[in-house]
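**Student:** I have a structure I would like to understand better, so I am pasting it below and will then ask my questions one at a time.
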Amino acid sequence: MGRDILIGFVGKPSSGKSTMLNALTDATAKTGNFPFTTIEPNRAIGYAQIECACSRFGLQDKCKPIYGGCKNGVRSIPIQLLDVAGLIPGAHAGKGLGNKFLDDLRHADALVHVVDVSGTTDAEGKVCRGYDPSVDIAWLYKEITAWIGNNLREKWPNIVRRHIATKANPVNTLQSQFSGYGSTPAVTAKVLDSLHLDTPLEKWDDDTIEKVVNRFVDIKFPTVIALNKIDHPDADANISKIARKEDPNRLVLASAISEVFLRRLAKQGFVKYEEGSEFVDTLDDFPDSGLKPLSENLKTRIADLQDMVLFRHGSTGVCNVLAKAMELLNLIPVFPVKNVHNFANSPNEGVFRDCILVKQGTTAGQVSQMVLGGEAMSIVGVNGNVGESDVIVPGKTDILHFRLRKAEA
């Protein structure tokens, strides 16, 4: 993949984006270590949860990741998050922090659009009642496509002249324009292949250009729609409306403020709570647990939270946000090990120390390049030798040992 995955978080003011980021970056699995050299001011480290390979072999108690953590076979993998500021209608025209918003956006591999599904804030984040949050989803897409489309149309006559003069193919011509938005030749080729255009590039009209731009945005910026504030009484009707309009595979229901509240109580010793769980244990549930007694006010708040969120949806949904982003990016974990028999680097270090995320379709040879920076002499999996051209398959060829080539004298 060449570089670390970056997930951009967007959302209008008061959507709960900051609360969502706080919940994702305050995971108890955080150790202070992460495999990134520098973290810029508008970036943070979040933790995506996956099923760890240790659970397949009953080694949960011996799993000690170098980065993130693992608890009961659920592994937390650090991922870089980007706080994309300045989202208001008209951002593509420079309104608000529009220029910065769009410049930040181009670095992201995927987006999480945090939407206030309660309908209690308008397009600019001002308090109101009865606002339709599906409008926010539509205008974010329009802002991004307008930004890229306007830039492309402005240069189109020159693009066409150069395309004809150099006898370039459409992929190369478009890639020279889309590269500024973080595209690769493979992404640009995928855009054109998916549209099956018969018309030569030099004869494209505005409608064709719009189709190309829309498809580029769909492929380059896969977007999770995080419907936040599901704890609000007005949320249900809006969720139903959005579910009828949007691809359900992009939707995640969440209550970021509930997640932050529960984690804070857990840290303070009032409750036992694990991220992503529907269960909240208190002193009343386990008198010998050592938990602190709750005030009547806190008991009421927890009961309301359980009724509105946990019992209805199975969790606060926050942990599902990054999991959905990984799904849209087609990411799967690979576990490089020094020993495919005991999965440890040394007797005292624990098992499955390393884990990397790769795209579905990645080969063992490509993983070797990522891990070693070069080719391995041989690649060994749990079930024997693995060929360089063998595609990584979760549960079969995702635990790998790379035997190094000996340096030439």
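Quick reminder: no glycine exception, Cβ is built from N, Cα and C everywhere.
Sharing the features that Swiss-Prot gives for it:
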type	residues	note
DOMAIN	5-274	domain 'OBG-type G'
BINDING	G11, K12, P13, S14, S15, G16, K17, S18, D83, V84, A85, G86, L87	GTP binding site
**Student:** Run through the Cβ atoms and count how many others sit within 10 Å of the one on D83 (GTP binding site).
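**Tutor:** Counting Cβ neighbours of D83 (GTP binding site) within 10 Å gives 17.
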**Student:** Look up S15 (GTP binding site) in the DSSP assignment and reduce it to helix, strand or coil.
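**Tutor:** For S15 (GTP binding site) - judged by DSSP and reduced to three states - the answer is coil.
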**Student:** When neighbour density is defined as the number of other C-beta atoms within 10 angstroms of a residue's C-beta, which of the binding-site residues G11, P13 has the lowest density?
**Tutor:** P13
